[in-house]
Amino acid sequence: YRRERSLALRSSSSALYNNLAVLCPPCRAPAFGAVHGTTLSLLASEGPPRQLQARGGGSALSTPLLTQAAWCELPSRVLLVLTSQRGVQMYEADGSTMVFWHALDVPELPAAHSVFARGIAAVGGRFICVGEPRAWAGWWAWAGPAPADPPDPTGTSFGAVLVFDIPPKGTNVTLSEVLEQHQDPITDIAAERGQAPDGSGDLVTADDSGTLCLWSSGEEFTLLGKIPGSGCTCSSVALWNGIVAAGYGDGQIRLWEAGSGRIRAQVSAHARWIYALDLAPLTGKLLSGAEDSFVHVWKLSRNPDTDDIEMQHCHAECVTDTQVCGARFCDPAGDSFAVTGYDLSEILCYGPA
């Protein structure tokens, strides 16, 4: 890969996990989005740059901070989804029209308790999943029915996953289900990007303790398995051909078998906290970016003779003096990628060498 160009942002990028959204429409240049504070900067191939504001505050002083943005591609439509401290916003793909707004259903908490939605993925052809915190125990009551597998009562919150049923058109979005298996706040959600083997599911959710939950989507989502965390945050996950790729705060990338939950590979990929992972569905290339200023490209594959999962290093790029906070491929084959960094007022683009 080689550096090609830079795209100027109206403001810099916040230090958030997975802080880069990329939409790759057929036969058109990609569109990009990066979060800064209360706004999302949008850069599209057609039209001038735009900014979307977080919703949910009564005044400019109380406007909530955005935590993530992502385009969700469904067979019938593409929606731009934003998460914040107050709720979930869904727009048409170009950001021109708001389709749906969902407020976080969280009771009043002490000022020191951080509340925000985070983790976005489209799955099953008609669903969009979003991570949401839920309060539990302590000095206040949890809002909603108690989960079947309650979290550790000594904690104050746990992570739930909201499942929204998206109509082929229109604004009749409904909350169809809430998935409650995480005892810590959700960090990331990923859907299958390839062909899932039987029994491996098509959705993975991650949390602050490093726990991963594997799900099968449908009219009712089914929990297929849970991979316990080791206390180290899993900041980003990806799912491809039944392989779960997870990036952690200790700089490691671990590959898990989605069907069995067995670990198949472990690589010390970065010297510091991993902030972003992305997978190219056509080739199995894996992109990772971290606080150590490096972006790496890897190649995942299965050995046809042994069915072992193999991981090969393909490329390393140093973004000098930059804390990388977003990294995404710009095409399904992984021939190009883009990078954002904390306090960096541009998106850096890389293409074939």
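Cβ from N, Cα, C; glycine included.
Worth saying up front: this structure is predicted, and the values here are computed from it rather than measured.
The domain 'WD repeat-containing protein 54 beta-propeller' feature in TrEMBL is assigned to 1-132 (among others). Regional average pLDDT for the domain 'WD repeat-containing protein 54 beta-propeller' (1-132) in the model is 87.
Residues annotated as domain 'WD repeat-containing protein 54 beta-propeller' in TrEMBL: 155-348 (among others).
Remote same-chain partners of the repeat 'WD' (267-308), defined as residues 6 or more beyond its termini with a Cβ less than 8 Å from a stretch Cβ, comprise 1, 16-20, 193-194, 235-241, 243, 245-255, 314-329, 331-334, 337, 339. The repeat 'WD' annotation in TrEMBL covers 267-308.
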Composition by DSSP (helix, strand, coil) of residues within the domain 'WD repeat-containing protein 54 beta-propeller' (1-132): 3 helix, 63 strand, 66 coil
